[in-house]
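Database features (TrEMBL):
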type	residues	note
BINDING	Gly166, Arg167, Ser168, Ile232	NADP(+) binding site
DOMAIN	6-121	domain 'Tetrahydrofolate dehydrogenase/cyclohydrolase catalytic'
DOMAIN	140-283	domain 'Tetrahydrofolate dehydrogenase/cyclohydrolase NAD(P)-binding'
Amino acid sequence: MSAKVIDGKALSRTIREKLAGLVEKLKQQHQITPGLAVVLVGDDPASEIYVRNKARQTVEVGMQSFEHKLLPTVSQKELLDLIARLNADPAVHGILVQLPLPGHISDKQVIESIAPAKDVDGFHPENVGRVASGEGGIVPCTPMGSMMLIRDALGDIAGMNAVVVGRSNIVGKPMAQLLLAQNCTVTVAHSRTRDIPALARTADILVAAVGRPEMIKGDWVKPGACVIDVGINRVLNVGGEGYRVVGDVDYREVAEVAACVTPVPGGVGPMTIACLLANTYLATLAIHGISSDATF
Ligand code: NDP
């Protein structure tokens, strides 16, 4: 079997085009321009590229982008003061603080200081609780994008067995909740799970969010399954020259067994940014009390 490649680049482009139209309409009908503030602490080159990408795509869909680059030595108080200003700024509808933060700053306190209505990453406990209990809330971008890819590939997934490998707060756990909300039977595996290959073989939908390069092998996958690879891992090239990016799935092997699989890069990654923009648009509507039937 040769799997269908799930094209996250193409779907993310479709979402961004749809968003550009919705943002234009919002500007014309309500004179409101959604604004996304991204805060980057330190000078990690990978984070800088990611933040630059986000800013470019924000502007491309017609939103305002506010970038705040802070020195790695910034104090927690200075960062919290900036977030308080962004919370109060009517031009800002979404706030994203690039994680991880330097060791002297508490990720938890920073996340909790973001106004839940502007928490477009969906990490604030209020949003986590709402999503978990099915009461709305802002859905974290990576699981949201992964779910869009699954729905686009499979349609109705009610009754399917889903296995999520990884239980982080930002990917694994919310992913499991979204699959449960779509009436899948969900199992979450982690570093203490016994016999993950056997468990993975029960999955109609297998989501890998582990951070271990090419861990999921072809013989871990049920023939005909849908495999979503969230992983982004930089590995040294054979021969030791330069790096390449691989997922948590051994793509070559898994593509022989699965019915469909996301590539890395070009799968979940582009969907994460598209969902961040969708969340910023939805946050703008909610903040201004504008109802809409826009879905993503
Ligand atoms: P974390 O490190 O926070 O969590 C990893 C999870 O995998 C943990 O629950 C851990 O289990 C589990 N795990 C680790 N090793 C094993 C193992 N050998 N067997 C079984 N389970 C294991 O990672 P994230 O959730 O933040 O990210 C996961 C991957 O997704 C990374 O590659 C990351 O780069 C990528 N990512 C991609 C994004 C995108 O936009 N595409 C966005 C965010 C992340 P335990 O809890 O027991 O320790």
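The backbone N, Cα and C atoms fix where each Cβ goes, glycine too.
Unlike curated records, TrEMBL annotations are generated automatically.
On a predicted model such as this, the values are computed, not experimentally measured, just so you know.
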Exercise for the section: Over all pairs in Gly166, Arg167, Ser168, Ile232, the listed NADP(+) binding residues, work out the largest Cα-Cα distance in Å. Expected result: 16
Exercise for the section: Would you mind pulling the DSSP three-state label for Ser168 (NADP(+) binding site)? Expected result: coil
Exercise for the section: Around the Cβ of Ser168 (NADP(+) binding site), how many other Cβ atoms lie within 10 Å? Please give the count over every shown protein chain. Expected result: 15
Fill in the blank from the handout: Per DSSP, the domain 'Tetrahydrofolate dehydrogenase/cyclohydrolase catalytic' (6-121) contains 62 helix, 18 strand, 36 coil
Handout entry: Among Gly166, Ile232 [binding-site residues], residue with fewest other Cβ within 10 Å
Key = Ile232
Exercise for the section: Check each residue in the chain of Arg167 (NADP(+) binding site) that is at least six apart in sequence and keep those whose C-beta is under 8 Å from its C-beta; list them in sequence order. Expected result: Lys173, Ala176, Val188, Ala189, His190
